[in-house]
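What follows is a single structure, written as structure tokens, with notes after it.
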Amino acid sequence: MTMLLDERIWSLFKRHWPQTLTYWSVFFSFGLCIAFLGPTILDLRCQTQSTLQQITWVFVSQQFFLLVGSSVGGLFKKTLKSSLLALFFCTLIISLVFAVIPLCHHVILLSIAMALAGKAMGVIDTIANLQLVKLYQKDSAIFLQALHFFTGLGALVSPLVADPFLAEDSCVLGANWTTNSSSPRDLQHLRSTLAGHGAALHNISHFRLYTEGVVVTRVSYAFWIMALINLPVPAAVLALMSHERLLPCSRSSPRLLDADSNRSPAGDTDQGTAHVCVVFSCCNPAKLRDRPATFFIIHALGGAILFITDGIIGSYAGFVYTYAVSPPLLMGHKMAGCLDSIFWAAITVGRLASMYLSYRYTAPKLLTVSLVGVILVQCLLLIFYTSSVFLFFGTCVLGLCISSVFPSVLAFTEDILEYKGTHTHIVSASQDNGEMLLQLLVGSVIHSQGSYSFLLCGTVASFIGFCLFLLLLYIQNIHRSQHTGKYISFIIGFSYCNSFYMNSSSHINTQYNQSCVCI
């Protein structure tokens, strides 16, 4: 059976490999764009000659418009052509933003560029997940795990490209910079603190950073290299459009099967309804009519789980450095700076391992193990809060446990909802909401209550996420039982109609036979 399943999965991949590889490469572009801002933020501050408080607005701009892009991404799901066009333009925008960033010498221009990149990333997040789910449906779990592995891969490549070009000393030289400029050790501390989307500025305001003077930075080369690395991605999307014969220059029409699969069940009359709702394209009242209450609860619970878990990822990556250098650990800046890299590396390795695990085990089993693991790690971090060694171990295990939650939740909820496609862009928006809002909440709690509250917030959030998952399992049983009841009613009704027809036919045949005998 295992060999047959292996052959079936492999045959599915061979049938859809152009689409699959394209969506994976698109998420590599997503990861490349999401991770570069933290390491390069001080050099961008020098380039724009702005203060730390001013430059952190680019984080807000990126995160807010990423949420907007995730919300409106569902507007492009109606046809394969519109989805691929959106992916092409979004990946091309990311390359253009990389190329234009070195030309942004004012923080407002940089914020606008990051807003464009954030919106493109949000659209990519929604469409790539949605198209992969529509492509593989019940077999989508393993391919979703691979999709999010490429996000982690891009997030690892981006800082590696930027690192050789980062300034090791103050990149704005003031009149008396030789005596008052910050040391390389201070700059390393600032970079590690700002890597968490600039949410912890309260403990770095004492550093002296010039805004006027000669700007000396080579970070432009890093962005141009990343623009070149990303250019094959829109080319791959364009090649897929050519393969699907969706380009205007294609002489032959799209294949009949593809055209039928992309056509709305209601025909062309539904094309205009895609623009009814700007935030969620699935809120067409005609589509929501006669839906059971469990349909909406499943959407809400799936989004809430991802709101919590991606909020944990964002807040942990953002504040683990701040926690490590604060009492009682008082870890060295260089050693503490490795924690964030270890966390993201563990997430990437975990998603790679989840590609195999999602093939072997169902999504509910993976989610149970992952969420229980997150709770156990957070509780152990609370218990051994004075151990630097356990902080490294716990960071690694936490990344491994939480890595597969998003693709598993997406595959599980779409399976419950029978792959209607309405859930993907809702959970994507919830994910981005959690990453932004929970991080700000944890940052404010740390500022008012101290660094130990960082671990406490993560533990409470992980318990809430697991409780929401248990509630999702309960609602799933109710939802499935409702559908089973409808199916049984249909079978009974069909059987009754069939027996009535057979009896009627038998009666007619009897009368016919009797009439023949009389003759």
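Placed from the backbone N, Cα and C atoms, the Cβ positions cover glycine too.
Annotated features, as they stand in TrEMBL:
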type	residues	note
TRANSMEM	21-42	transmembrane segment
TRANSMEM	54-76	transmembrane segment
TRANSMEM	83-101	transmembrane segment
TRANSMEM	107-130	transmembrane segment
TRANSMEM	142-162	transmembrane segment
TRANSMEM	221-241	transmembrane segment
TRANSMEM	295-321	transmembrane segment
TRANSMEM	366-385	transmembrane segment
TRANSMEM	391-412	transmembrane segment
TRANSMEM	454-475	transmembrane segment
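Looking at 83-101, 142-162, 295-321, 391-412, the range that has the most CB pairs within less than 8 A of the transmembrane segment (454-475) turns out to be 295-321.
The stretch with the most CB contacts under 8 Å to the transmembrane segment (21-42), chosen from 107-130, 221-241, 295-321, is 221-241.
For the transmembrane segment (295-321), the neighbouring stretch richest in Cβ pairs under 8 Å, chosen from 54-76, 107-130, 221-241, 366-385, 391-412, is 391-412.
The transmembrane segment (142-162) makes no contact with the transmembrane segment (366-385): fewer than 3 of their CB pairs lie within 8 A, with pairs spaced 6 or more apart in sequence. Taking Cβ pairs closer than 8 Å, the transmembrane segment (221-241) reaches residues 18-19, 21-22, 25-26, 28-29, 32-33, 36, 40, 81, 84-85, 87-88, 91-92, 94-96, 98-99, 101-102, 157-158, 161-162, 164-166, 247 in its own chain, all 6 or more past its ends. Distant neighbours of the transmembrane segment (366-385): 309, 312, 328, 354, 357-358, 391, 394, 397-398, 400-405, 408-409, 412, 452, 455-456, 458-459, 462-463, 465-466, 469; these residues of the same chain sit at least 6 beyond its ends, with a Cβ under 8 Å from one of its Cβ atoms. For the transmembrane segment (83-101), same-chain residues at least 6 beyond its ends with a Cβ under 8 Å from one of its own Cβ atoms are 22, 26, 29, 32-33, 44, 69, 73, 76-77, 110, 113-114, 116-117, 120-121, 123-124, 127-128, 130-131, 220, 223-224, 226-227, 230-231, 233-234, 237-238, 240-241, 244, 246.
Counting same-chain residues at least six beyond the ends of the transmembrane segment (391-412), those with a Cβ under 8 angstroms from any Cβ of the stretch are 129, 133, 140-141, 144-145, 147-148, 152, 302, 305-306, 309-310, 312-313, 316, 320, 324, 329, 331, 338-339, 342-351, 353-354, 357-358, 363-364, 366-367, 369-371, 373-374, 377-378, 380-381, 384, 423-424, 427, 431. Residues 23, 26-27, 29-30, 33-34, 37, 44, 47-48, 50, 54-55, 57-58, 61-74, 76-77, 83, 86-87, 89-91, 93-94, 97, 100-101, 144, 147, 410, 421, 424-425, 428-429, 431-432 of the same chain lie 6 or more positions beyond the ends of the transmembrane segment (107-130) yet place their CB under 8 Å from a CB of it.
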